Amino acid sequence: MGKIPCSLPFQSKHKSTNSDEFHPIYSDSSSSSSLSLSRSSSSLYSQPSLPSVPSLTPLSTHSELLSNTFCASTFTGLSSSVFCLSLAGRHLYTGTSNGEILLRNKDPLNQEKNHSIVVEQSKSSVKSIVIFGDKLFTAHQDHKIRVWKIDNHDDDIEASNQNYYKCIATLPTLNDRCMRLFSAKNYVEVRRHKKCTWVHHVDTVSALAISSDNSLLYSASWDRTFKIWRISDFKCLESVWNAHDDAINAIALSKNGYVYTGSSDMKIKIWKKEQGEKSIHTLIATLEKHKSSVNALALSTDGSVLYSGACDRSIIVWEKDSGGDKMVVSGALRGHTKAILCLCVVDDLVVSGSADKTVRIWKKGIGKSYSCLAVLEGHNGPVKCLTASSDNSNSNSNSSRSKSKDDFGVGNSYMVYSGSLDCNIKVWKIWVP
């Protein structure tokens with residue numbers, strides 16, 4: 001993988017004359033079924049926006065763009081589309097449509113270690129990556145979750161290239177499958193005249209998340225279920241069957257135990273684990289404002305605000321009401337001209353990626369208003385995944401927010417990584433005064 005500077009500007013003043021134009025779809029050669037392909041493709045279509053939801057980006061603040069935001073680097077040379085990104089320490093992990101898991105140094109300016117290496121080659125597209133300790137969890141299109149032992153030889157990427165990561169488990173484990181094989185109560189009907197044990201996902205595993213206490217792994221799937229796995233022994237503890245009426249595309253966990261799932265059925269559902277003997281997840285609320293497939297979810301740092309992105313080109317902001325934990329619509333962030341495909345939150349910034357090939361940076365202002373700080377252009381395909389972190393390269397502070405001073409003055413510095421179906425990863429330097 002090579003590295004080239006991004007010569008394209010981060011913001012364009014012209015707008016597309018056809019906001020409903022459809023971008024080409026980069027199909028996955030390892031697709032397990034035509035149904036999986038149709039779901040993946042449909043998320044790239046742009047549906048009408050939401051006239052009933054008030055905009056939180058008034059014209060007076062919509063173009064508050066930063067001149068000190070730029071593309072620091074472009075990582076090229078991947079052989080297939082980028083489906084997911086994850087940061088861990090000094091490393092950036094990438095999952096691709098051809099099943100590769102790649103590792104590279106996250107610093108775009110590190111000239112000595114600026115290449116990426118393949119730490120594992122699976123046989124199925126990698127849809128999501130999460131990391132805990134020395135374990136890397138990957139969700140795949142072949143309905144499986146795989147667990148890899150991270151071996152980076154004291155952060156030496158060159159040494160990591162000598163050996164692939166070892167796959168230490170595939171979920172559900174053999175023990176899990178055998179334990180539930182002989183009891184009829186462990187079988188569920190997955191389609192007409194076909195049953196399997198409830199520990200199995202029977203369609204693409206689309207998203208993963210780890211609980212705040214690092215004890216549980218949550219997996220969401222296009223089979224309309226989400227499952228809970230114990231990280232210590234990889235045992236499947238629970239399966240919420242028929243959680244939605246269509247594929248589940250996103251899952252987010254709050255620190256106080258709430259589980260949020262977003263689906264192609266246009267709904268967001270909130271779940272909470274019951275305390276007691278059963279200790280199962282029950283439905284608390286259903287959020288219905290989107291008019292098309294919900295593709296992405298992200299929570300604010302304190303868990304009080306939920307952001308949801310969908311094919312209707314809007315990011316809906318949900319906030320807890322003053323009376324308790326009920327989520328209500330605050331408004332919508334508008335500006336993308338095509339479907340919202342991914343979201344992430346870093347400190348008080350919201351980052352969105354879209355099928356319109358752009359990345360937008362949002363920041364909350366006075367009251368409930370938001371400003372669009374930057375529109376990042378340069379990708380040649382839909383932006384499929386995002387991750388971000390505070391940039392500590394210019395600061396000696398150990399705080400989560402990197403506040404430092406350089407040519408732009410005092411402010412907060414961030415690095416945003418965007419992966420696209422154009423097979424490239426771009427690294428954006430964001431400076432918020």
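Sequential numbering from 1, following the chain as shown.
Placement of Cβ uses the backbone N, Cα and C atoms for every residue, glycine included.
For the ranges 1-21, 379-399, the feature annotated in TrEMBL as region 'Disordered' maps to 1-21.
Sorting each residue of the repeat 'WD' (287-328) by its DSSP state yields 0 helix, 21 strand, 21 coil.
For the repeat 'WD' (241-281), the model's average pLDDT works out to 93. For the repeat 'WD' (241-281), the list of distant contacts is 39, 42-43, 188, 198, 203-204, 206-212, 218-226, 228, 287-288, 290-299, 302-303, 306, 308, 310, 318, 325, 327: same-chain residues at least six beyond its ends, Cβ to Cβ under 8 Å.
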